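If you look up TrEMBL, you'll see 1-121, 196-260, 297-358, 379-411 marked as domain 'RNA polymerase Rpb2'. Summarising the annotation, TrEMBL assigns domain 'DNA-directed RNA polymerase subunit 2 hybrid-binding' to 426-452.
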């Protein structure tokens, strides 16, 4: 990928003794295989890759070209490569290798069910995939018809409208939505029960169904991990409202004030980050990445650059979000162990609003609440005036949140708007739920929907 020096490779991964000891055999393996230059490495990869059959008789590619294209487009496809500049992909690979080596001797493995890493698929994303599949199918059929008609000698002028099947896309969408079966071969997606008829048995039944989320995990597998109550779903998902039986813990309901984010444009965030001192990774040498004050900055999983003063970046970013210069659903969090700053603006993240605490006092006062009751303010005003802000699961880890006003101390950053919003729509209607045995609340969530 362009890094030929052994020294730079080691510096990018880490110069600690145990890291070098784990990575050393890989360099020895290269020496045994007589690979010392970039061209030799590309030739080695090219010999291992099965040659792709090219239709249309394009120019034949050499093994080196095939290997270079494979590295650019197939390996770590989400990391962009412009004009075969692999620098960002090199650093990403080095970070991955380093974390694998460090995880070998660490018993504290990451929790795969942690909600900060999960993304919910919304109706818009699913419908866009369905439409893309149907539209490409429609285009390919039109191309086939055109290829059959146009070569004929006495054929009339090709009229696209005559050969269009008007109801093809409509029927595809109606069929998928009415049956709930989404089988999209292009995206290797085959799911049942994606759409369901809204239950209008009662008002609570309809509300409860609109906040329901379903995991794609197989219901027949008897694994406790995905079903158990995660600490990271505190305040985001209702702890009581889940069905009994095989779907227990896999079908959940959103808590009362939870919001699910949608995709946002990341262009303005990239500009802002560079203005706040984020340096481009292409300008750094491998040695600088291992400095203790240098933090990698990630935007939606891609390396954006590095920052030398991460606290200033995070604080300024949050102040600008509160002032309304950035979308209120963009989150920024720090991981001190891995020396990383994560910025997220993608869709499907769970987040909820909290009152901002300044100098051990909540920003929202009785005067604000009176104005809200009289109709002079709405919730949007609270967001724009830096009184309330949305936090997602990752950013909650950086904050100290008080449950009640009398528990605020000098370290508190946020205050819960109302503790009972931790529950969902159905569980919130149970009188004195904290006096009940836990399964009783779960039973009431199921039976409360059947009440007229």
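Each Cβ is built from the backbone N, Cα and C atoms, and glycine gets one as well.
Note that TrEMBL annotation is computational and uncurated.
Secondary structure of the domain 'RNA polymerase Rpb2' (379-411) per DSSP (helix as H, G, I; strand as E, B; remaining residues coil): 13 helix, 7 strand, 13 coil. Note: the domain 'RNA polymerase Rpb2' (196-260) comprises 14 helix, 10 strand, 41 coil (DSSP; helix = H, G, I, strand = E, B). For the domain 'RNA polymerase Rpb2' (379-411), the residues of the chain that approach it from at least six positions outside its boundaries are 114-116, 232, 236, 259, 261, 314, 318, 321-324, 328-329, 331-334, 342, 344, 349-357, 360-364, 368, 372, 417, 419, judged by C-beta separation under 8 angstroms. Secondary structure by DSSP for the domain 'RNA polymerase Rpb2' (297-358): 14 helix, 28 strand, 20 coil. Note on the domain 'DNA-directed RNA polymerase subunit 2 hybrid-binding' (426-452): its mean pLDDT in the predicted model is 91.
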